[in-house]
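> For reference, the structure I am asking about is given below.
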Amino acid sequence: MATKKKTNFDDITKKYGAERDKALADALALIEKDFGKGSLMRLGEAANQKVSVVSSGSLALDIALGAGGYPKGRIVEIYGPESSGKTTVALHAVAAVQKEGGIAAFIDAENALDPEYAKALGVNIDELLLSQPDYGEQGLQIAEKLITSGAVDLVVIDSVAALVPKAEIDGEIGDSSVGLQARMMSQAMRKLAGHINKTKTTAIFINQLREKVGVMFGSPETTPGGRALKFYASVRLDVRGSTKIEEGSGDNKTQIGKITKIKVVKNKVAPPFKVALVDIMFGEGISRTGELLNIAVDEGIIKKSGAWFAYNDEKIGQGAEKAKNYLKEHQEIFDEIDHKVRTAHGLLDEAEVAETTEDTSTKAKATKAKKEEKVVETEEIELELED
């Protein structure tokens, strides 16, 4: 009986491998010629590149986002109930971008932006690009033009629910306009997603909440504008105010802010479902000292015993508000704790780490020199006593 000849795949690979490699190289060259460099690449060439981010303006939120901030070239959705702090969270991102020398635009579809409050949050209102569109399509077209220019680092749309289609505005109150906004948003997402990625612009869409009628099981809450934004968004944040922050006692007790929970319900660049707790103070926004105090206590950098807070075995205040005031008044201590927290969570870039290492080394040398001087002085005193 004749034996079946075994196929040797190594021989086939050797014979046709060179021809296949040449054919692939020709195809890659043709694609790059027709569609531009970078239109097709091997995944390994870009696998080690870290996702570029822009700070959210909140240390706690940067940590919860995992990557250190909002990813560049991606879409972010911030939603929550009324007066939960959605616009405040977005304005802190605007201030952070401007602080780094970037350009930010704010499309105020709700016509509700308060310039004085934005200024209090650190926004440079003289440099902020502001648009208050008459209808939804106009607002999205303005956003598209800003994004495709490649000159803007951050675009905030406040809010999706206020992006009313022109057909609905031109019609009468009570006219049926089922699906108009969803279709408008779906088309906008298809057009904007590619431009946002190419220009590395971060687009933040603020959204409201609605309730679905007749839901018996699960959450009845939903966001307006259809499902397109949910799919295209790389990050989705659920913002909800929880506990009041009050000062005074008895009848003199007044609310000065609220503890707000920001949950990362979707994240394509880091593990999701992390939570950031921030203190949003009236007229101030997210309290930098408040969030730093909370994180430092969780990390064990600041010790808490009862109502007392201590750093390096030194008491800094009885009660959170007094500890926050201490950090406000002592900028060096604030910066030192802030640096320790950022180092622990890998939020410092290589240059900052190198600079810190150099500073630490210099301080260590200075401390050692001082100790040696003290030793020499002690020896001289002992010799004088012996004489």
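Count begins at 1; order follows the chain as displayed.
From the backbone N, Cα and C atoms, a Cβ is placed for every residue, glycine too.
The feature ATP binding site is assigned by Swiss-Prot to GLY80, PRO81, GLU82, SER83, SER84, GLY85, LYS86, THR87, with sequence analysis given as support. Here Swiss-Prot flags 352-387 as region 'Disordered'. Sequence annotations record features per position, and here Swiss-Prot assigns compositional bias 'Acidic residues' to 378-387.
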> Compile a sequence-ordered list of residues in the same chain as LYS86 (ATP binding site), six or more apart from it, whose Cβ lies below 8 A from its Cβ; state 'none' when nothing qualifies.
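Listed in sequence order, they are ILE78, TYR79, GLY80, ASP158, SER159, ILE206, ASN207, VAL239.
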> Just counting, how many other CB atoms are there within 10 A of the CB of SER83 (ATP binding site)?
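For SER83 (ATP binding site), the 10 Å Cβ neighbour count is 10.
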> List the residues of the same chain that sit at least 6 positions away from SER84 (ATP binding site) in sequence and have their Cβ under 8 Å from its Cβ, in sequence order, or write 'none'.
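Within the chain, SER84 (ATP binding site) has Cβ neighbours under 8 Å at VAL239, ARG240, GLY241, THR260.
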> If you draw a 10 Å sphere on the Cβ of GLY85 (ATP binding site), how many other Cβ atoms land inside?
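Here the count is 24.
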> Please report the three-state DSSP label of GLU82 (ATP binding site).
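The three-state answer is coil.
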> Cβ within 8 angstroms of the Cβ centroid of GLY80, PRO81, GLU82, SER83, SER84, GLY85, LYS86, THR87: which residues besides those meet this for the ATP site?
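Counting only non-site residues, the set is VAL239, ARG240, GLY241.
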> If you count other Cβ atoms within 10 Å of each one's Cβ, which of the binding-site residues GLY80, PRO81 has the most?
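Its Cβ has the most other Cβ atoms within 10 Å: GLY80.
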> What are the sequence-distant neighbours of GLU82 (ATP binding site), meaning same chain, six or more residues apart, C-beta distance under 8 angstroms?
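Sequence-distant Cβ neighbours: GLN208.
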> Need the DSSP three-state call for THR87 (ATP binding site) to compare against my parser.
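Looking at the DSSP assignment, THR87 (ATP binding site) belongs to a helix.
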> Might you list, by sequence position, any residue in that chain lying six or more from THR87 (ATP binding site) with a Cβ less than 8 Å away from its Cβ?
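Counting only residues 6 or more apart in sequence, the Cβ neighbours of THR87 (ATP binding site) under 8 Å are ALA112, LEU113, ASP158, ILE206.
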